[in-house]
Amino acid sequence: MTAETESSNIDDSSQEAKPSQLLDNETSENLPVKKKASCCTGLKVFLAALSFSYFSKALSGTIMKSSITQIERRFDLPSSTVGFIDGSFEMGNLLVIAFVSYFGAKLHRPKVIAVGCFTMALGSVLTAMPHFFMGYYKYETASDTRSSANSTSSIKPCSPHQDLNETFLDTSQSACEKEPSSYMWIYILLGNMLRGIGETPITPLGISYLDDFAKEENVPVYVACLHTIAMFGPMFGFLLGSLCARLYVDVGFVDLGKIAITPQDSRWVGAWWLGFLIGGVISFLAAIPFCFLPKSLKKPLKANTDKTSPGLLENMGAMRKTLPPAKSKPIKWSTMLKDFYTSLKKILSNRMYVTFLCSSLLQFSSFIGFLTYKPKYMEQQYGQSASKSNFLIGLTTLPPVGIGIFLGGIIMKKYKMSIIGATKFAFTMSFFAYSFTLLHFVVGCENQVVAGITASYDGKPIPYHENAISSDCNSGCKCATNVWDPVCGSNGLTYISACLAGCTISEGHGKNTVFHNCSCLEASSSWSGNNSVTLGQCPKSDNCSMMFIYYTVIQVISGFCYALGGTPAYLIMYRCVQPELKSLAVGLYTLVMRMLAGIPAPVYFGALIDKTCLKWASTRCGQRGACRLYDSNAFRYVYLGLSAMLRAPSYLLAILFFILIKKNIQNKNSKLAENGEDVPMNKEDNCKNSEHLASSSEAEKESHT
C-alpha cells in the first residue's frame, strides 16, 4: 500500500509540475552540475549566517537581561520601570513584526535580515551612549569614606554636634541641580526598542527561507541546530555580563582605591555599557554575509519528491499553478493587502493554531518574567553578587538547555514524530519540568538580619514593615536615616550605617575601613565580644549556601527537560497551518508573544517585586531610588508563585490542543475513506498525513477548486 501511495503521489506531482518543468529544463540545460553545487553551498552559507545572527541577537538580549540590576542602580529606578525598559524591545518588534513577516517573504529575504542586523547594532550602541554623557557614579554614603582614602585621619560617624541628615540633604539638593542625567534612561529604552525592530526579520524570514529550500526531514535538525547555537548567545552573554558586572562602572576614569564598596554591595554598579558596545559590534558582523546571498535557491530534486504528504502536494500544486503568472506581473500593494487580510482570517479561524497560541502565551509570560529577574532573585535570595549570578546562569543553566534543544530535534527526526507524537512528547517534558520547579519554594533563604528593619537592635525578629531604625543605643547620634550605607557587626547583625550602629571612631580607609566602639553592639544581650563593624552587609548563613546548591541543581534538571520538548513544540506551529501561511503564522505568533507577554510581563513582575522592598535608596533629588533590601520570603513567594500560576493553565490548553488534533485526524481519515482512498494504517503514513493538518477542510476546498 505504501508503494502504491508513493507512485500515485509521484504521478500527481509530475502532472502538477508541468507549468514549471519548462523553466526548470531551460535552467538545467546551461550548467546543471554547477547549479546543483551552488544551491547546496548557498544553503549551507545561509544556515551558517543565520546561526551567527541567532547567536548575535541572543547575545544582545542576554546582555540586557544581565544588566538589569546595574541599570536599576545606576539610574535609581524601581523594578517596574526597569521592566518597562526591558519590554521596549518587544515594543520595537510589535511595530513591524506582522508586516515584516508577510511582506518580507515577498522581498529579498537575506537582505532584509541584513538590514535588521545593522539596525540591531545601531540600537546596541545607542543603549550604551548614556554612560558617556553622564557624570561619574556617586553612590550614597552616610560617612564620606572616599575623601579619606589616602588619609589616616579618623572618621567619627556618631557625632552629636552635627546633623548629618541635614548635611546630606543640602548636598543632595545642590547635586540634584547639577545632575543632567535624570532621564538618560530614555535613551536605553529607545536603543532597546531599535534593537527589537532590527531583530524582527531574523526568525520568521530565516526559518521560512530554510523551510522553502531544504529537505523536509532536515528542517527539524536545522531548527534544532539554530536554537542550539543560539543558546551559546545567552551563555556568552551572561559570562560577558558577569565580567562587566565585576568591573566598576567608571573603570579607567576614577581611582578604584577610593571606592569603598564591593561587588557584593547593593550599591555597586558594574560596567553595564561595555557589554552593549561588544554586542553592537557582533551584530554588525552578523549582517555582512546576508548582503551576498541570493534571493532564492533551487531545491535539490530529492527535496521536491520527498514531501509526499497529500495535503502538501495539493497545496504546492496550487501554488505552482499560480506562481509563474505572479512572477510575470508587477506586485500591487492593494493585492498584497487583500491577500494579507485573507491569510490572516484563515489563520485566526484555525482552532488548533489559536489554542496553541494561547497555551504558548501563558508559558512565555511566565518564562520572560522569570528570566528577567532571575539574576536579581539570586542576588537577593542567596546573597550572590551580580557578577557571580550572571556567571552561574551562563555556566550551569544554559548549557543543559542547549543540549536539550539539540537532542529534541534529533529525537524528533529519529522517531519521525507526527504532530500527535510531538505534542505528547513536548507536553510530557514541559509538565515534568514544571512539577520539578515547584521545589524552588522549599529551597529559599531567610531574611537578611538588619537592625531596625527585619530585626530589633538586640537581634530579635520584628513584624513585617514595622521599622524601628532609631534606638536608645544611637539616640545620641545625629544619623541620616534615609541613607543606605550598611556595615556588618561582629555579632553577625547588619546595621544601616556605622552611625546607626553607634560607632565613634574608625581606622583604615576605602574598602578596609573598620569602625570601633559601636554602642549598638552592646545592646545585644547575647553578645560579649568585639564592638566593631566592617563595611558591607553580613554574608548569608552556611545553610543558605547549601540551599543555593539545591536551587542550581533544580535549575539544571528542569531546564534540560523543558528544552528537550522545545524543538517539537516549536515545530508544531508549522504543522498546524497550510504551507503557504507558515511565514505569517510565525510572525503572528511572535507578534502576540511580544505584545501580550514580552511587554507587560517584566512590568507586572517588577511591580509585584517592588512591593516586597524593605529599604529604598534616596536619590540626590530626595526622591525614591532603587531598592536596597528586599523581604526574602515575600520575594520568593511573589516571584516563584506568579511564574507557577501563569504556567498552570497552559497545560489545560495543551490537553485541549491534543483533543483537537485527534479529532482533526479522525475527520481526515473518514473523508479519505468516503472518497474511496486508502486510509493510512501504519505510523509513517499517519505521520505524513498529519504533518499539515490544520485547516484541512479549507485546504481540500482550495485544492479541488
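Heads up, the Cβ atoms here are built off N, Cα and C, so glycines get one too.
The compositional bias 'Basic and acidic residues' annotation in TrEMBL covers 680-691.
The feature domain 'Major facilitator superfamily (MFS) profile' is assigned by TrEMBL to 46-666.
For 467-522, the entry in TrEMBL reads domain 'Kazal-like'. Counting residues of the domain 'Kazal-like' (467-522) by DSSP class, helix then strand then coil, yields 10 helix, 11 strand, 35 coil.
According to TrEMBL, the feature region 'Disordered' maps to 1-25 (among others).
Summarising the annotation, TrEMBL assigns region 'Disordered' to 675-705 (among others).
Annotation comment: TrEMBL describes 45-64 (among others) as transmembrane segment. Residues 86, 89, 110, 113, 117, 120, 124, 127, 192, 195, 199, 202, 206, 209-210, 222, 225-227, 229-234, 236-238, 240-241, 275-276, 278-280, 282-283, 285-287, 289-290, 293, 297 of the same chain, all 6+ positions outside the transmembrane segment (45-64), place their C-beta atoms under 8 angstroms from a C-beta of that stretch.
According to TrEMBL, the transmembrane segment annotation covers 84-105 (among others).
The transmembrane segment annotation in TrEMBL covers 112-133 (among others). Long-range contacts of the transmembrane segment (112-133) within the same chain: residues 50, 53, 56-57, 60, 63-64, 92, 100, 104, 180-181, 184-185, 187-188, 190-202, 205-206, 249, 272-274, 276-277, 279-281, 283-284, 286-288, 290-291, each at least 6 residues beyond the stretch ends and with a Cβ under 8 Å from a Cβ of the stretch.
Long-range contacts of the transmembrane segment (182-198) within its own chain (CB-CB distance under 8 A, at least 6 residues past either end) are made by residues 60, 64, 71, 75, 77, 81, 84-86, 88-93, 95-96, 115-130, 133-134, 276, 283, 594, 621. The transmembrane segment annotation in TrEMBL covers 182-198 (among others).
Taken from TrEMBL, the feature transmembrane segment covers 219-249 (among others). Listed as Cβ neighbours of the transmembrane segment (219-249) (distance under 8 Å, sequence separation of 6 or more from its ends, same chain) are residues 47, 50-52, 54-63, 65-67, 69-70, 74, 131, 137, 206-207, 210-211, 256, 259, 263, 268-275, 278-279, 385-391, 393-395, 398-399, 401-403, 405-406, 408-410, 412-413, 566-567, 570-571.
Under the heading transmembrane segment, TrEMBL lists 269-293 (among others).
Note on the transmembrane segment (352-371): residues 65, 430, 569, 572-573, 576-577, 585, 588-589, 592-593, 596-598, 600-602, 604-605, 639, 642-644, 646-647, 649-651, 653-654, 656-657, 660-661, 664, 693-694 of its chain, located 6 or more positions outside it, place their CB under 8 angstroms from a CB of the stretch. Annotated transmembrane segment per TrEMBL: 352-371 (among others), in sequence order.
Summarising the annotation, TrEMBL assigns transmembrane segment to 391-412 (among others). Among residues of the same chain six or more beyond the transmembrane segment (391-412), those with a C-beta under 8 A of the stretch's C-beta atoms are 66, 220-221, 223-225, 227-228, 231-232, 234-239, 241-242, 374-375, 378, 384, 422, 425, 429, 552, 555-557, 559-568, 571.
What TrEMBL lists as transmembrane segment is 424-443 (among others).
Per TrEMBL, transmembrane segment is recorded for 548-572 (among others).
Residues or ranges marked as transmembrane segment in TrEMBL: 584-605 (among others). Within the chain carrying the transmembrane segment (584-605), a Cβ under 8 angstroms from the stretch's Cβ atoms is held by residues 79-80, 82-84, 86-87, 89-91, 93-94, 97-98, 100-102, 105, 196, 200, 203-204, 207-208, 340, 343-344, 347, 353, 357, 360-361, 364-366, 368-369, 372-373, 573-574, 576-577, 639, 642, all 6 or more beyond its ends.
The average pLDDT computed for the domain 'Kazal-like' (467-522) is 81.
Two recorded stretches are said to be in contact when at least 3 C-beta pairs lie under 8 angstroms, sequence spacing 6 or more; the transmembrane segment (638-661) and the transmembrane segment (269-293) fall short of this definition. Long-range contacts of the transmembrane segment (269-293) within the same chain, counting only residues at least 6 positions beyond its ends with a Cβ under 8 Å from a Cβ of the stretch, are 42, 45-46, 48-49, 52-53, 55-57, 59-60, 63-64, 66-67, 70-71, 73-74, 110-111, 113-118, 120-125, 127-128, 130-132, 137, 139, 191, 198, 237, 240-241, 244-249, 251, 263, 386-387.
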